[in-house]
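Engineer: Annotated [4Fe-4S] cluster binding site per TrEMBL: A:642, A:648, A:682, A:686, in sequence order. Sequence annotations record features per position, and here TrEMBL assigns siroheme binding site to A:686. Residues or ranges marked as domain 'FAD/NAD(P)-binding' in TrEMBL: A:5-283. Look at TrEMBL and you will find A:319-385 tagged as domain 'NADH-rubredoxin oxidoreductase C-terminal'. The domain 'BFD-like [2Fe-2S]-binding' annotation in TrEMBL covers A:423-470, A:489-538. The feature domain 'Nitrite/Sulfite reductase ferredoxin-like' is assigned by TrEMBL to A:563-625. Look at TrEMBL and you will find A:633-773 tagged as domain 'Nitrite/sulphite reductase 4Fe-4S'.
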């Protein structure tokens with residue numbers, strides 16, 4: 001079949017990203033031709049400021065070198081500007097006469113700097129700030145001339161001013177607003193920013209209106225004149241007063257434009273063969289000038305170019321960051337607010353910190369941070385997720401408070417860390433390594449960083465820090481999507497919620513069926529999606545969907561915990577941490593018989609036998625004659641208890657029995673992540689109920705339930721959920737909550753993260769306010785549990801389940817010489 | 001080049017593995033969803049994790065210890081990790097899996 005012809009006009013970040021996404025989806029559908037007006041391959045335009053500031057070089061910001069175009073068989077016409085589109089003959093014509101025919105045309109023409117229509121605007125030394133040529137012009141001028149004037153006190157203007165100052169020029173910023181960045185900051189913060197920039201030697205004139213650029217008599221600019229008649233010297237004038245979508249070609253060929261080329265949710269223009277993307281496109285009235293939304297557009301556009309036909313672009317929430325080293329400024333969403341919004345501010349002019357949060361109907365809609373932007377990513381996530389912040393409103397301003405994460409020396413701010421500071425304590429990755437990888441490989445997301453450096457790929461406790469580093473390095477281009485919006489893995493574009501919904505609504509029962517139905521890209525998934533699918537199937541359709549052992553991590557397949565040397569650990573169930581002499585004797589006998597290298601008491605009040613060979617597992621289980629403690633699974637773990645009223649002089653309730661009852665009721669329960677409970681008999685809380693997924697504390701008049709606690713990577717205190725009167729209610733409420741979590745939690749999402757995602761109000765609504773719903777949840781969990789039984793017993797009794805544990809012996813092979 | 005008879009193809013679960021003792025330590029034998037059979041040393045080039053215990057997908061296995069991905073047809077780790085595990089030629093003859101210690105002819 002002859003390939004279709006795809007022509008792209010413009011060779012910038014949005015367009016090339018679309019090609020990358022397209023090639024990933026369908027490498028052979030198109031013959032691709034690209035016209036780029038600049039003589040360079042695709043580079044990271046947002047990093048022009050660090051280049052101007054001398055922090056990076058041009059070579060370092062190239063995203064796709066010429067070899068990339070070659071490898072992907074893309075015909076690349078550099079330095080050729082397309083001057084005409086012939087929609088009748090379906091071809092484009094460049095300024096040098098080069099023509100290219102198209103079946104599909106992708107317009108990615110970007111934007112132009114807005115040049116003030118004032119006398120002198122065409123003089124030598126007057127430039128916009130848009131591309132490598134402009135940046136080079138500024139760098140060259142800085143070597144030979146003294147006075148620079150930057151018109152425009154927005155992000156781009158300030159970055160240009162800062163760079164020119166660092167290159168030794170005397171720089172004045174002229175701005176028509178009352179304060180700098182008046183779109184991002186309010187007056188107070190704007191003045192803070194101005195003060196710290198003045199301390200670096202920049203000068204400001206504001207509010208001030210430029211009326212004329214004065215000729216030095218030889219065609220070069222020599223001074224700037226203002227409306228009030230004042231004049232300042234200028235050898236270089238940088239116009240950074242905004243950008244205008246570049247729609248010239250589109251208008252010329254009759255495509256509908258209105259401050260951008262009008263596009264639909266599929267990024268198509270009024271001519272369905274022609275797509276437009278990036279800064280030149282106007283989607284639902286907005287032409288985005290930041291990179292993150294453009295990448296989202298790229299994904300959707302590629303999907304439609306690949307003729308897959310699903311995926312819609314529905315607009316983006318954006319965030320920005322000023323890339324001036326040493327000055328931290330971050331804003332996201334609607335940070336100005338209107339009459340309906342409530343604003344929380346924290347202002348410390350002396351300390352140089354200003355924070356503003358904009359809230360509408362209990363939802364965070366925007367944030368502006370100056371001086372301390374460590375929580376920018378956290379706020380941005382909340383803005384995008386639109387989660388209800390009512391419960392955390394009191395603490396919202398004080399940030400995510402990542403102090404308490406383990407393994408990072410208590411640090412919670414990546415900005416101030418030196419390059420040799422270890423970020424990922426699991427894989428030994430330093431900040432400098434991450435920054436370098438981001439710059440060299442053009443990374444934009446934490447997932448990219450994981451792939452290239454392994455940082456944040458093990459326990460994940462440094463994910464927040466890595467996210468900050470990504471934000472600090474690439475600014476607004478950072479892709480900090482919340483897990484709820486991210487694709488499950490590289491095998492699909494669907495997120496966890498969508499996958500689960502499809503499984504429920506279409507009654508999918510097996511992994512191959514689910515993959516087929518949802519158009520999985522890989523034949524049998526990967527180690528990330530298969531365990532997730534398996535959990536969603538068996539938890540949605542208990543008794544119908546069959547568990548797939550090959551899609552389980554080895555611990556859940558072997559029902560024991562793999563150790564670094566390939567041996568396993570065995571932890572039998574000891575409900576509520578209570579055992580007896582007979583069990584202890586059997587454990588001791590097993591330890592002797594199998595020469596167990598270590599016998600250890602666990603944190604969950606049971607006994608761990610470490611160093612068991614896999615082939616011995618079934619017989620160890622048989623000799624123990626105790627059920628599995630599920631100490632290895634995304635499942636119920638233990639219910640920790642204190643002594644309680646039976647023995648303790650302070651005990652108000654029989655916490656031990658309550659714990660035993662709960663643990664037996666929940667035996668063999670699979671869940672999105674591990675689930676730990678504790679029951680304490682009085683508020684002294686000896687069983688540490690405050691840091692469990694469900695923590696129960698006995699008081700004289702009944703029981704208090706706490707949910708969403710976590711003692712692991714990041715210590716999280718559980719939140720008070722409800723107070724109940726008796727044991728039966730403890731059981732019903734706890735099980736109902738756990739079933740809700742089983743049904744709604746994403747795979748590998750602990751209760752604390754589930755709670756933060758959906759909000760306490762949602763959980764209370766489902767479990768507390770609606771008795772019928774609570775009982776139904778409780779019933780559904782019992783129904784689901786009715787299909788589970790002790791996996792150890794099954795493997796002792798059923799021959800066919802023993803294969804997993806048997807080695808194959810071939811004497812001749814063993815004795816062969818190599 | 002001598003071939004050793006190991007087991008029936010059906011003794012290995014699809015997308016699963018079995019372990020056989022070789023002359024120099026354990027050998028992991030994998031079966032893909034297309035019934036391709038691969039054999040490699042049961043040691044991850046990273047920290048000797050038993051690859052036989054990993055999740056198999058496509059023609060790769062995920063090491064159970066630290067998530068390295070090893071390509072079964074080449075023995076090579078997938079980037080950014082670098083390393084290689086030794087592999088052995090295999091064949092399936094009338095439903096029996098056979099393995100040889102000879103050189104791999106690619």
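A Cβ is built for glycine as well, from the same backbone N, Cα and C atoms used for every other residue.
Note that TrEMBL annotation is computational and uncurated.
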Engineer: Please list, in sequence order, every residue of the chain apart from A:642, A:648, A:682, A:686 whose Cβ lies within 8 Å of the Cβ centroid of the [4Fe-4S] cluster site.
Structural biologist: A:643, A:644, A:650, A:651, A:655, A:680, A:681, A:684, A:685, A:687
Engineer: Between the stretches A:319-385, A:423-470, A:633-773, which wins on the count of C-beta pairs under 8 angstroms to the domain 'BFD-like [2Fe-2S]-binding' (A:489-538)?
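Structural biologist: If we count Cβ pairs closer than 8 Å to the domain 'BFD-like [2Fe-2S]-binding' (A:489-538), A:633-773 scores highest.
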Engineer: Test of understanding: give the count of other CB atoms lying within 10 angstroms of the CB of residue A:682 ([4Fe-4S] cluster binding site).
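Structural biologist: Excluding its own Cβ, the number within 10 Å is 20.
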Engineer: Near residue A:686 ([4Fe-4S] cluster binding site), which residues of its own chain have a C-beta under 8 A away, given they sit six or more steps off in sequence?
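Structural biologist: Non-local contacts for residue A:686 ([4Fe-4S] cluster binding site): A:642, A:643, A:680.
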Engineer: In this structure, which of the binding-site residues A:642, A:648 has the fewest other Cβ atoms within 10 Å of its Cβ?
Structural biologist: A:648
Engineer: For the domain 'Nitrite/sulphite reductase 4Fe-4S' (A:633-773), DSSP counts of helix, strand and coil?
Structural biologist: 54 helix, 35 strand, 52 coil
Engineer: Please spell out the DSSP helix, strand and coil residue counts for the domain 'BFD-like [2Fe-2S]-binding' (A:423-470).
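Structural biologist: Looking at the domain 'BFD-like [2Fe-2S]-binding' (A:423-470) with DSSP, the answer is 27 helix, 5 strand, 16 coil.
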Engineer: Which whole-number mean pLDDT does the model give the domain 'NADH-rubredoxin oxidoreductase C-terminal' (A:319-385)?
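Structural biologist: Per the prediction, mean pLDDT sits at 83 for the domain 'NADH-rubredoxin oxidoreductase C-terminal' (A:319-385).
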